[in-house]
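Quick look at what Swiss-Prot annotates:
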- 191, 197, 278: Ca(2+) 1 binding site (BINDING)
- 154-165: disulfide bond (DISULFID)
- 182-277: disulfide bond (DISULFID)
- 255-269: disulfide bond (DISULFID)
- 161-278: domain 'C-type lectin' (DOMAIN)
- 5-8: motif 'Endocytosis signal' (MOTIF)
- 1-40: topological domain 'Cytoplasmic' (TOPO_DOM)
- 41-61: transmembrane segment (TRANSMEM)
């Protein structure tokens, strides 16, 4: 009986093993369940904690570096601002000093110009006085040579014609310079009032461009001594004056001159032409005024 029971139990075990082999191995547990079980969960938590700690340390280090750089930038900006303010203040001070120096120099320059103007006026008076003295002396010499007979006379190197005295240049000047030269001689640029005077002047100037005392720089044509132009003598070339602008020297033609044939033409006042000065005979021989 016992042996039979043992055989049945052995057979039952074999059938049980055979049944398990037919069913296969037991199903495996999910990955998350295995990770969250026991020691594995502890290790995972520890790893995440370490990773978080590393991230916090890195961020803290970077934040510290950024704050350090920000402090450096603030300090640099503060120094730059202070330096700029100091430079601006220095430039402002220098500008004030330069302005004061410029005002001082302007005052000195104005004073020097005033002194030069006064000296120039005084020099012109002395020159005119010298010219008058020279004319008076020449007339006195002429009177002595004429056995004491008193008569009006022209200065030395001046030519007498019809109660006027004429001086003919041998060099060239611009019209304004020639006009000033005649004024210093207590005379004026020649004013032609008749055909006889035209022929006289033309005879002495020859075929050379020569300035006369006629211009239209301020509007209408006029003579420098106030002689009426509209009703007076004229000897213009055909189609003159034309106030031509094509010469390339700027402006028109505002000053009159004798041409090579004696007739008149208007031209640029800056051209260096010869000129003729004229003064009245009685004026040339009068006694100089006392200063």
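Quick reminder: no glycine exception, Cβ is built from N, Cα and C everywhere.
All protein chains shown were included, and the count of other CB atoms within 10 Å of the CB of residue 278 (Ca(2+) 1 binding site) stands at 24. Checking each of the binding-site residues 191, 197, 278 against residue 165 (disulfide bond) by C-alpha distance, the shortest gap belongs to 278.
In terms of local Cβ density within 10 Å, 165 ranks first among the recorded positions 165, 191. The record gives 191, 197, 278 for Ca(2+) 1. Within 8 Å of the mean position of their Cβ atoms, the other Cβ atoms in that chain belong to 164, 166, 190, 192, 193, 201, 212, 213, 276. Taken through DSSP, the domain 'C-type lectin' (161-278) splits into 21 helix, 32 strand, 65 coil. Rounded to the nearest whole angstrom, the C-alpha distance between residue 269 (disulfide bond) and residue 278 (Ca(2+) 1 binding site) is 19.
The local packing around residue 154 (disulfide bond), expressed as other Cβ atoms within 10 Å of its Cβ over all shown chains, amounts to 21. A gap of 9 Å separates the Cα atoms of residue 277 (disulfide bond) and residue 191 (Ca(2+) 1 binding site). Sequence-distant neighbours of residue 182 (disulfide bond) (same chain, 6+ apart, CB under 8 A from its CB) are 167, 188, 189, 213, 275, 277, 278.
Taking only the Cα positions, the spacing between residue 197 (Ca(2+) 1 binding site) and residue 255 (disulfide bond) is 19 angstrom. In this structure, the C-alpha atom of residue 255 (disulfide bond) lies 27 angstrom from that of residue 154 (disulfide bond).
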